[in-house]
Amino acid sequence: MLTTKKVSLGIIGSILILIFSQVSAELIETLLVLFKVPEFISIAISGIIYIFLTYFLLKQFVIKFFHRNLNDFGIGHFHVKWKWVIIGLLLPVVVTVIYLSIPGHFISTHKSTLETLAVISRGIFFTGFGAGFVEEMVFRGIIMTLVKEKWGMMISIVIPSLLFGLVHIIGMLFNLLSILLVMLAGTMVGVMFSLIAYESKTVWNNALVHSLWNSVIISGIFTISTKVDPYNISHYLLRTKSFLITGGQFGIESSLIALLGYSLVAYYAYSELKRS
């Protein structure tokens with residue numbers, strides 16, 4: 001029987017592993033660049049290390065602390081369902097198309113080939129698949145399983161989702177409205193990922209959906225926002241100032257449009273879960 005203390009330590013430990021792995025991967029990237037490895041290659045290597053280091057540390061953690069293996073946490077043999085591959089692609093693409101129908105204009109920043117490759121590499125390997133897979137292993141793998149075994153399925157969907165929303169505002173100087181939007185969107189997308197995990201009985205499908213979303217929406221390759229970020233390659237600048245459309249200070253991930261997307265996918269996952 002899991003105690004509240006053990007669940008709490010499991011949550012804290014898994015989040016610390018995420019932080020340690022991220023910092024370690026970024027340090028490795030810095031060292032590779034110092035040794036004259038091209039930046040885009042260094043970033044790709046660090047993103048891959050981020051995933052596998054987290055996996056290795058989580059494996060050791062659950063073996064030594066819980067005397068269990070990762071299969072018990074939905075982090076077993078890698079396999080994905082084609083329907084989640086398709087949905088993972090459709091969600092960010094449809095959201096992007098909707099935004100392109102809203103008045104705005106395109107702007108491209110002038111970058112060298114190496115700078116462009118670095119942005120693409122970080123967007124796909126680190127921000128995209130690195131963050132997507134690591135966050136899902138931690139939040140929908142370790143944390144959700146522990147909470148489910150202690151307090152049940154419903155609480156296991158809510159608590160990791162709230163934590164997921166919370167970690168996205170830590171260190172951010174947002175106003176109250178933006179904080180509320182981020183918490184709402186972060187919780188809703190967390191619920192979506194949780195339901196996908198329950199429906200597929202593994203974290204790999206929600207990790208893929210998460211990674212594809214990040215790679216399209218927040219990679220820096222093509223950004224939809226209200227202002228230019230010189231880091232990004234290209235932009236679609238929205239004319240509207242409505243926070244429901246722009247998502248406030250956090251961006252379109254916390255917009256009403258994104259929320260509707262999360263809700264539709266969550267509803268589909270819930271329907272599939274009930275049917276199974």
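Yeah, the Cβs are placed from backbone N, Cα and C, and that goes for glycine too.
Feature annotations, courtesy of TrEMBL:
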DOMAIN    124-215  domain 'CAAX prenyl protease 2/Lysostaphin resistance protein A-like'
TRANSMEM  41-63  transmembrane segment
TRANSMEM  84-107  transmembrane segment
TRANSMEM  119-139  transmembrane segment
TRANSMEM  151-170  transmembrane segment
TRANSMEM  176-196  transmembrane segment
TRANSMEM  203-224  transmembrane segment
TRANSMEM  244-270  transmembrane segment
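By the Cβ criterion (distance under 8 Å, sequence gap of 6 or more), the transmembrane segment (41-63) is not counted as touching the transmembrane segment (244-270), fewer than 3 such pairs being found.
Highlighted: of the candidate stretches 119-139, 151-170, 176-196, 203-224, 176-196 has the greatest count of Cβ pairs under 8 Å to the transmembrane segment (244-270). Take the transmembrane segment (151-170) and the stretches 119-139, 176-196, 203-224: counting Cβ pairs under 8 Å, 176-196 has the most. With a threshold of 8 Å between CB atoms, the same-chain residues lying at least 6 positions outside the transmembrane segment (119-139) that come near it are 14-15, 17-18, 21-22, 25, 39-41, 43-44, 46-48, 50-51, 54-55, 58, 75, 111, 160, 163-164, 190, 193, 197, 203, 206-208, 210-215, 218-221, 231-233.
Below 8 angstroms of C-beta separation, residues 84, 136, 139-140, 144, 156-158, 160-166, 168-169, 205-206, 209-210, 243, 247-250, 253-255, 258-259, 262-263, 265-266, 269-270, 273 of the same chain, each at least six residues beyond the ends of the transmembrane segment (176-196), sit close to that stretch. For the domain 'CAAX prenyl protease 2/Lysostaphin resistance protein A-like' (124-215), the predicted model reports an average pLDDT of 93.
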